[in-house]
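Quick notes on the structure that follows.
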């Protein structure tokens, strides 16, 4: 049996640059892995079947699940149709939260089954396969802190910070946001401000490359968090506004933002102890607002084989 850890991510920067010729949005992002993680276990089977179980009954375990789609793609590319596996998912990352939980689980399937079946694919091979399944999935394979361009699949690693930064995640467990809706709404509201060509896109990429990410504490300025979808989602989602307001009320928070298309929001803290203290401070208000919270350290890797 092989066990794989599949971490969540937050977006430290999500900039919608414009529209691509294929209809997708051109993005410039900084994504960061955190230690809130799902756990997947993989065992060989002799019947050439791919099966998935999960400890969260609300999650679909049918063929539409990214875990099984990733497993099928990897097996197809291997040429060994007789390969089979039983997969069990312990779900810890909230579903539909803007934290790439599904993408990370799919990436974990590629990494875990590559090892279980002894296929020998490189990380680069797995990232290319991941890109066929989802825009966030290559990042989930690589993890750590990455600049992410294109649809999010083009990665450039950012050196890890020497500082023990942490994030306090906050989410209403009853609320989810449709990612396609968020980008459609962004287009409706902001298309007049979109950049028009590759030269303009590259200028913004270069500007992002010049930012010294995750090392803002040398000055009194807050970290340069940005999420263009926050301006779209927050006005129409009370749970996002409540989460941002609560996080912003904590004096120790360095900056706050929504992650991905939401509705999860996070505050950035100088260390895990400060983060946990803030969670304790907010406990009554969080409960009153129906919000759940997680104190998380940053991770320097993506999906990882644990055993």
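Glycine is treated like the rest: Cβ placed from N, Cα and C.
Now, the feature entries from Swiss-Prot:
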- 9: active site (ACT_SITE)
- 136: active site (ACT_SITE)
- 94, 95, 96, 97, 98, 99, 100, 101, 102, 103, 104: ATP binding site (BINDING)
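On the structure: features taken from Swiss-Prot.
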| residue | record | DSSP class |
| --- | --- | --- |
| 9 | active site | strand |
| 94 | ATP binding site | coil |
| 100 | ATP binding site | coil |
| 136 | active site | coil |
Among the binding-site residues 94, 96, 98, 100, 102, 104, whose Cα is within 10 A of the Cα of residue 9 (active site)?
98, 100, 104
So what sits near residue 94 (ATP binding site) in its own chain, CB-to-CB under 8 Å and at least six residues off in sequence?
101, 171, 173, 264, 292
Which ones are near residue 136 (active site): of the binding-site residues 96, 100, 104, which have a Cα within 10 Å?
100, 104
Tertiary neighbours of residue 100 (ATP binding site) (same chain, Cβ under 8 Å, six or more apart):
8, 9, 31, 136, 139, 140, 260
Other C-beta atoms that fall within 10 angstroms of the C-beta of residue 102 (ATP binding site):
22
Same chain, 6+ residues apart, C-beta under 8 Å of the C-beta of residue 96 (ATP binding site), given in sequence order:
176, 177
Specify all same-chain residues, apart from the site residues 94, 95, 96, 97, 98, 99, 100, 101, 102, 103, 104, whose Cβ lies within 8 angstroms of the center of the Cβ atoms of the ATP site, ordered by sequence.
8, 93, 260
With every protein chain in view, what's the tally of Cβ atoms within 10 Å of the Cβ of residue 98 (ATP binding site), excluding that atom itself?
30
A 10 Å Cβ contact count, applied to the recorded positions 9, 104, 136: which residue has the minimum?
136
